[in-house]
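As given in TrEMBL:
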DOMAIN    3-178  domain 'Flavodoxin-like fold'
BINDING   10, 16, 17, 18, 91, 92, 93, 94  FMN binding site
Ligand SMILES: Cc1cc2nc3c(=O)[nH]c(=O)nc-3n(C[C@H](O)[C@H](O)[C@H](O)COP(=O)(O)O)c2cc1C
């Protein structure tokens, strides 16, 4: 059975372009996988804590059973359980939302999602696909900021062994009306994302 982990990072509940397309994506995914399970982690509404020294040290030296690792264990287990992952994600101040960075800080973890052997690193997550629906106010294409945003996500996922990363960007949301039928334009992109 397929499992989709959906992670939402927008601080908006209403009027969010990334969440709305995420809903369309999940609708189509469920249609294709009627028996599939969808796990949700809404880090926009329930932000994750920043990494602490205690937690980071426990990543490298502690036993998995340590209480301080409970949140990281939960997030790592969700990620490992999922065959597909959907991240809906706005651009805030030229980067990813800080709560999404906090999520990565909890799951990029030695012996859970990657392994180090001397100077070699090996990702431990295999056969997973990540779909990213990104929304940004700026409508210009070819911006270095957009490339940096995508590089951060693809490089970090690749470090954990996930190389199949598919991205749809909804640009120019600052000048779009939420009610002007914008969604129809992206319905095809959602299907293509799942078809590839
Ligand atoms: C605090 C904040 C910072 C933002 N920074 C940027 C930015 O650096 N570049 C950009 O293109 N849009 C920026 N935006 C606009 C959002 O990316 C845009 O509103 C997007 O649609 C938000 O995603 P959502 O519609 O899913 O909530 C910012 C919005 C907020 C609230």
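Keep in mind that glycine also has a Cβ here, set from the backbone N, Cα and C atoms.
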Q) In this predicted model, what is the average pLDDT of the domain 'Flavodoxin-like fold' (3-178)? A) 97
Q | Collapsed DSSP category at residue 93 (FMN binding site) | A | coil
Q) For residue 93 (FMN binding site), what is the tally of other C-beta atoms lying within 10 angstroms of its C-beta? A) 8
(Q) Neighbour count first, Cβ atoms within 10 Å, every protein chain included; then name which of 17, 92, 94 tops the list of binding-site residues. (A) 17
Q. Just counting, how many other CB atoms are there within 10 A of the CB of residue 91 (FMN binding site)?
A. 21
Q: Just jot down the residues in the same chain as residue 18 (FMN binding site), at least 6 apart in sequence, with C-beta under 8 A of its C-beta; none if empty.
A: 8, 9, 10, 88, 89, 90, 133, 134, 135, 170
